[in-house]
Amino acid sequence: MKAVIILGLVLLSVTVQGKIFERCELARTLKRLGLDGYRGISLANWVCLAKWESDYNTQATNYNPGDQSTDYGIFQINSHYWCNNGKTPGAVNACHISCNALLQDNIADAVTCAKRVVSDPQGIRAWVAWRNHCQNRDVSQYVQGCGV
């Protein structure tokens with residue numbers, strides 16, 4: 001009985017951590033999922049975006065108190081416009097997806113939603129981190145040495 005209690009406490013203390021991609025691993029994955037050149041956006045720009053939005057972490061979340069929305073996953077996709085978390089007032093859910101799907105180690109759903117985001121007129125400029133850290137910069141370093 002004591003062993004069961006100890007095992008239970010150990011399991012409760014384990015924290016959930018999503019996949020944190022290595023830079024080149026992410027570049028290869030994004031290429032395989034069709035982001036290289038999608039809507040004219042280079043693979044290097046996508047990797048730069050993921051670096052500055054989530055530090056390549058699939059479990060990253062960020063709450064925005066102003067509109068009570070949350071950004072989810074490797075691309076920090078917002079619950080007000082793009083996904084449904086069941087909590088954000090007036091959510092649109094333009095990607096027709098649960099926000100939890102954007103936190104998976106398999107980033108196929110996140111990529112599909114990111115493609116939807118950049119299909120809007122604002123394109124990749126929808127991401128503040130991309131505008132602040134990647135736009136009009138040499139982003140080739142983000143895929144350098146990755147063989148992509």
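Cβ from N, Cα, C; glycine included.
For 1-18, the entry in Swiss-Prot reads signal peptide.
Residues or ranges marked as domain 'C-type lysozyme' by Swiss-Prot: 19-148.
Swiss-Prot lists CYS24-CYS146 (among others) with the feature disulfide bond, giving sequence analysis as the kind of evidence. Mapped onto three states, the DSSP output places CYS24 (disulfide bond) in helix. Remark: CYS24 (disulfide bond) has VAL143, GLY145, CYS146, GLY147, VAL148 as non-local neighbours, by Cβ distance under 8 Å and separation of at least 6 in sequence.
Taken from Swiss-Prot, the feature disulfide bond applies to CYS48-CYS134 (among others), supported by sequence analysis. Within its own chain, CYS48 (disulfide bond) has TRP130, HIS133, CYS134, ARG137, VAL139, TYR142 as residues 6 or more apart in sequence whose C-beta sits under 8 angstroms from its own. According to its DSSP assignment, CYS48 (disulfide bond) is helical.
Residue density at GLU53 (active site): 22 other Cβ atoms are found within 10 A of its Cβ, drawing on all protein chains shown. For the recorded site, GLU53 (active site), the DSSP three-state label reads helix. Per Swiss-Prot, active site is recorded for GLU53 (among others).
Within the same chain, residues at least six positions away from ASP71 (active site) with a Cβ under 8 Å of its Cβ are GLU53, ALA60, THR61, ASN62, ASN64, ILE77, ASN78, SER79. Positions annotated as active site by Swiss-Prot, on the basis of sequence analysis: ASP71 (among others).
When Cβ atoms from all protein chains are considered, those within 10 Å of CYS83 (disulfide bond) total 29, not counting its own. The disulfide bond annotation in Swiss-Prot covers CYS83-CYS99 (among others) and is backed by sequence analysis.
Feature annotation from Swiss-Prot assigns disulfide bond to CYS95-CYS113 (among others); the stated evidence is sequence analysis. Note on CYS113 (disulfide bond): other Cβ atoms within 10 Å of its Cβ, all shown chains, come to 23.
For the domain 'C-type lysozyme' (19-148), the mean pLDDT of the prediction comes to 97. Ranked by Cβ neighbours within 10 A across all protein chains shown, the disulfide-bonded residues CYS95, CYS99, CYS134, CYS146 are led by CYS99. The separation of CYS83 (disulfide bond) from CYS113 (disulfide bond), Cα to Cα, is 9 Å.
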